[in-house]
C-alpha cells in the first residue's frame, strides 16, 4: 500500500547584494556575488596534490599573514579555508597545486511567515485537499507509519535546534557547531527539525535529528563554515554507518565550492535535500539548489499550485507544501511558529527520505532519489508530489496539535523563510 507524501518547501538562505572586490586580487580568485567574509578564502587544492603539504608550505612562508580556519577531509573536499592578508594572496594563488581560490560568501535566512499543518495531511493522502480548505487551522489528519525514520539520522544543517522541545521526544541531539554558540537563538533550524521528525508536526517520527549549527543566531553564515558542517556530517556517516539524510534550508548565488561540497557528500552516501529558493526564478541561478545530485524542492500552496515565491525550472525535482507550515520554535519546550518558504519544504522531503530508508534500507542516494520521484503523484497543475510506502499506518487528528503552547507561541503574523 502506498501513502501519498506531498512535500513541503524549504526556506532559502540568500547571499546578499554584490560588494566591491578588494584591489589587487589575483585573476584566479573567484569572486562571489553578495556579501563576503572579508579576508577569508576557500582554497581548493588539486585532487592529485597533498593538501597538508600545501598548507604547511603556506604557513611557513607566510607566517602571520596566513591563518588556517577549516581543514576539510581530503576524501570529502580537498580544500581548506583561511584568513589571508591581502599582501599574501598572490603567494597563495601562485602555488601550482592550487586549483582555485574563492571568496568566502555570507549566506542568510530569508523569511516570510504564515498557519497549520495542512501539509501533513497532503503528504499522507493522494489528491488535493478539498476546495477552499483553510490552511490557518490545524484540523487535518496525518496518516503515517510509527516506524517511519527508525534507525535514520536526519542532520539539520542550519541555525541549531531547541533539542529540549517536547516535539522531539528525546530524539534530538547537538552534533556540531562551526560558530561560537551551540543553541538555536534564531528558530529557523528548530522549525525545520520539527517538520522533518517532530512527534506533533513532523514526518518521520522515529528518526533521530542532529543539530549541525553553521549559521549564527542572526541567520547568517559563511560558505566555509557551511562546508565544515557538511564535512562533519559526512565524517559521522562514515564513522557510524548510520543512514544519513542532510536537510539544508539555505541558498544563494552560484557558489562553486558549496556546490562541490554538496555533490561530494552525495557521492559519499549522504542523502542531500536542498531548498529551491524563494526568488520566483529559475533554480539554475541558485546554489546549492542547482546541484544535480541533490534533491531540490519547490513549494506548493494548499490549492496544489506552485507558490508564487518558489523557484522553478528543470533542476527542481519535486514540489511540496510550503505556505503556512506550523512547527517547533525556540523560547520554550512547547513554542510553535507558522512559517512559509522553501525552507519549510526541504525538511518535509528529508522526513520522507528517512521514511523510505526505514522501509527499503539505505539505498545509494541516486537509487533512493529515483524511488522517490517514481512514486510521485501529480497535482492538477502537473507538479510532482511524492508518495511513500507505509506499513501499520496510524491516523492522527492534529486538530489539537498546538495544545501546550501559549497563544503567543502558536500564533504568527505571516512571513516566509
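Cβ atoms are placed via backbone N, Cα and C, with glycine included.
Note that TrEMBL annotation is computational and uncurated.
Summarising the annotation, TrEMBL assigns signal peptide to 1-20.
The annotation domain 'Peptidase S8/S53' is assigned in TrEMBL to 149-378.
DSSP classifies residue 158 (active site, charge relay system) as strand under the three-state reduction. Residues annotated as active site, charge relay system in TrEMBL: 158 (among others).
Under the three-state DSSP scheme, residue 188 (active site, charge relay system) falls in the helix class. Annotation comment: TrEMBL describes 188 (among others) as active site, charge relay system.
The active site, charge relay system annotation in TrEMBL covers 343 (among others). All chains included, 38 other C-beta atoms sit within 10 angstroms of the C-beta of residue 343 (active site, charge relay system). Reduced to three states, the DSSP call for residue 343 (active site, charge relay system) is strand.
Taken from TrEMBL, the feature region 'Disordered' applies to 384-417.
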Between residue 158 (active site, charge relay system) and residue 343 (active site, charge relay system): CA-CA distance (Å) | 10
Would you mind reading off the Cα separation of residue 188 (active site, charge relay system) from residue 158 (active site, charge relay system), to the nearest angstrom?
-> 7
Nonlocal neighbours by CB distance (under 8 Å) for residue 158 (active site, charge relay system), same chain, sequence gap 6 or more = 188, 189, 192, 193, 211, 212, 213, 214, 215, 247, 248, 249, 250
Taking the Cβ of residue 188 (active site, charge relay system) as centre, how many other Cβ atoms lie within 10 Å?
-> 28
